[in-house]
C-alpha cells in the first residue's frame, strides 16, 4: 500500500530576555542550581506573577516575521498538573487567546520549488525547571533556574509531507528566530526544542490517521532520522493490520530508537482556566508598530539581497541567508575577500564542514569572517593554491597564527607566478618527456588532450617544489604544446 | 490602655505619657493572660515586638513618627512575615517561616507599627467559624460571659476575637467571601473589605485570587481608616493591584450624611434572616435617617445565585492555588515517601484539613473535562449578572445596607459537620466579593447578648464614603464601644 | 446532582490527595450536598452573558526586562524539606 505522510511541528523557543516571564530573576544560562530561582519562581506562598514586557515584544516580532495576526487582547491560562519541575503545580500558558494567531512561512525545497507551511498559532508560556536523575541516594534533584524562562510555543499546521520538508521548515523557523535575535537557537542546550507530530494515511485519502508526537530532537540531523524512524514504525504497524496509538514518543538519537513516554498526568485532564492572578494583556498599534520597526532583516529578504548584491545563485543565497550568524560571517568574509562566490564556497565548504565536525556553532568559531576573507583574497590573487589555502585555514583554525600572510610566509606557501621562471621549468620538463609530448601532439580529441595535460602537472609541481601556480602552468603548457 | 483605640494610643504616644515599649509590655501581658481562653493568636512575637517598640520610640524621639509609630496591632496569619512563622492555620505550613514580607506587612513595618503576633484563622481562610484551624478553634469573647463557647466567625476569627477582647486595638484580615465582615459582625467589631485591587495581595497566601482582598478590623471606623491609609495602594508586585491615588481616609470621616441615599436590597431582608437581627438592623437604618439619609428599597435580582457561583469559583481557583503545597520545596512533607506520587498524595492528605480537601476536590471537579462549562463557565456568567445587579443599584443609591449575617454567633460544633449549612453563613457577603466592590460590617446592636452587624456596601473605590458613613453612625451610637464580659 | 465514587477517586488523583475507602463515602455525601447547592446555577439564563473572570475591568501592566532579584538560595533552602548540592530533593518518579 502507498502512504501519505503528514507532519506537523511544535516548537518551543526560549526567548532571549534578561529576566523570566513572570519575575525579575535572571535567565542567564549555566548558573549554579537554584541561584536564579527566587520567591516567585519557587512558588513561595503569596507570591504573584508580573509579566515581562520584552517577552511580549519578542512574541509580537515573531508573529510579524511569520506573517501572522497579532492578538490584541491575549489571556493567560493555568494548565494544571503535578511535577517536581513545575513549582506552582500549574503552568501559566495561553490556550484560548494566544498572542500570535494564524500565519505562515515559505520553505525552499530541494526541487527548487517553495512550499507554504501554515502556522496555526504561537503562544507565550513559562518553561519548567530541570529534574536531575543522577544518584542522590535514590532521590531526584530539582534545579528551578530554568523555571519561568519565557517560551513561545509555535504550532504549525500538518502541512509537511516528508522529513526534508519538516527539516526545511524547522531550519526556516530557526533562521527566523535567530535573525530576530529573540532566541539564541542553541538546540543542544534546549533553547529551541522541536516536537514532531507524524501520521500516515492511505495515499490520496482525506482522513488523517492517528498521530504520534516525537520529542527530544536536539539537532536537525536527529529530527530527520527520527521522522524516518517513526514513519517506518507506523508503516510496519499499519501494513500488518495494526493500529497506531496516540502517544508521545521519546527519540534517542545516538541509538536511533524511540520509546513511548508515560504521560505526566495519567488522566491527562489539565483543567485549563484563566489565571486569576493576571489580567488580559492588550497590545496596541503603537506597540506593534514599534516591534515592526525594530525587525531586522529576515532570511527571505536576506536571500534576495544576497542574490542581487553578491551575484550568488538561488541555492547558495538561500543557504547562507537562512542563519543570521552564518549570514553575518559570510558577509564579513565577502567584504574582506572581494570574491563573493569564492567566499560563499569557503563558508559553505571548509568552514561549515569544520563547524559540523566539531559540533560548534558559528558563534564558537575560532576564526573570524575577516580572517577567512583575507584567505579568500590570497586565493583569488593566486598567491596560494587551493591546497596551500587549506593549510592556511588549518593554521588559522588551530590558533597557530591569526595572520593569513604571516602563515603563508612561515609555511612557504606562496605560489610562483613569475611566468619567465615557470616557462623555464615547463621547457625543462617537456624536454625530459619527449614521448608524452609526441603522444599529445598526435591526439586529435581535445578532451583526451586535456586529460593528458595532467601527466605533465606532477613533474611540474615537483620541479617547483609545489609552489608553481597550477593555473599558469596549465596555460603555459597548452601554449607550448599546441605551438 | 488596652481599651483605647489606635487614634487614642497614637495621641498618648505623641504626648509622651507612655512609651511604645511600656505600651507594648502592657499589651503583651494582657494578651498572654487573656488569650488562653480565646486562642485568638497562633504566634505571639514578644521579643520582636519589644525590639520594634524600642525602634519606634527612637523613631519618635528623632521626630519621624507616623500615626502608627509604636502602636501595637496584629496580623492575620495569612500575611507573610519575614522571619516569623506564617501558617495560614494549616499543618501544611506549621513550620513555614518565610524569608520575605507581604507588601501589607512591609507597609506596617515602614509605618513603625508594632506587631504583637499572628492571629488564628480557618485553615487557608476556608471557613466561617475559625474552627478548622490546625491550631485549634478560636472562641468568641461574647459568649464566654454566659459560659458559652461560641464561634467568632471566620475565617478572620482570630483577628475579630482579639480586637473584641481588647487584646489589640486593630488587626489585619482578609475577605474572600465574607471573612472580614462576618467575624466582625459576630464579634461586634468594625471591619472593612476594600475594593478588589485596592490592597496588594503580594505575600498574602492565596485562597481564591479573583476574590481575595486584604482589609482592616478595629473597634472604630476611624481606626479602620488609619489602617487603610497604611495598607491601600498600588504594588508593582501584584498585577491585580490598581494604580490610582489613595486618599487620606480619615480626612472625610466627619462629613455630614445629609442626603446620603441608602438602598435596602429586598433579597437581603428575606429567607432565613433571624427576626431579631433584622429588627436591630432596621433600627440602625433609622439612625441613618435621623442623620439625614434617605432610604429606599432596591433589588439585586440574582442575589440568590451568589452562593452557588461563589462555591464554584472559589474552590476552582483554590484547587490550583493550593497545588504548590506539594512537599517539595517548603512546608510539610509526609514521613518516608516511597516515591513521588506517594509524597504528593500523602503530604496533601496529611497536611490539609477536611474542609480544605473538600474545596480542592470540588474545585478540581468543577474544572475537569465534561463539567467545566456547566460549573465553572456558568458560574462566571452568573458572576457577571451579579456584578450588573450592583452596577444597576448604584445608579439609584449611594450605599446599600443589610444585615452582615442572618443570625448572631452560633455555638462551636453546631455547624462544623455540615459544610453546606456553614456556607449559608455567607449568604449576604459573597456577592460583594464576586463583584469586587467594598463593604463594611459595623456593630449595630445585640440579640441575646450577642453582637449584630450592619453591612454597608459601596460602589467601586468608595471606601472613604463607607468609612464616613460608619464613623458618623458611631458618633451617635455606642455598640462598637461595648465590651464583652 | 450526585457525584459517583469513581468521580471522587478520579478528582482525588488529579488533585494528588490520598483518600481511603471511608473518606470516599463521607465525601460522596458532602460533595453531593455541595453540588446540589451549586446546581442552582443551572436555573440562571446566561445565554447572552460573557463570562467574568475578574472583577476589574483593567488590563495587564507589563514589567521592564530588568533583573531585580538576587541569589537567595540559602534562605530559601533553609526551609526546604530536603536539599543537596543546591538542588531540591524529591523521591524518584516511579514509571
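Here the Cβ of each residue, glycine as well, is placed from N, Cα and C on the backbone.
Automatic prediction, not curation, is the source of TrEMBL annotations.
The annotation domain 'Amidase' is assigned in TrEMBL to B:22-467.
Here TrEMBL flags B:76 (among others) as active site, charge relay system. Around residue B:76 (active site, charge relay system), a 10 Å sphere centred on its CB holds 33 further CB atoms from the protein chains shown. Mapped onto three states, the DSSP output places residue B:76 (active site, charge relay system) in strand.
Note: residue B:155 (active site, charge relay system) has non-local neighbours B:89, B:121, B:122, B:125, B:126, B:127, B:128, B:130, B:174, B:176, B:179, B:183, i.e. same-chain residues 6+ apart with C-beta under 8 A of its own C-beta. Sequence annotations record features per position, and here TrEMBL assigns active site, charge relay system to B:155 (among others).
Its Cβ placed at the centre, residue B:179 (active site, acyl-ester intermediate) has 37 other Cβ atoms within 10 Å. Positions annotated as active site, acyl-ester intermediate by TrEMBL: B:179.
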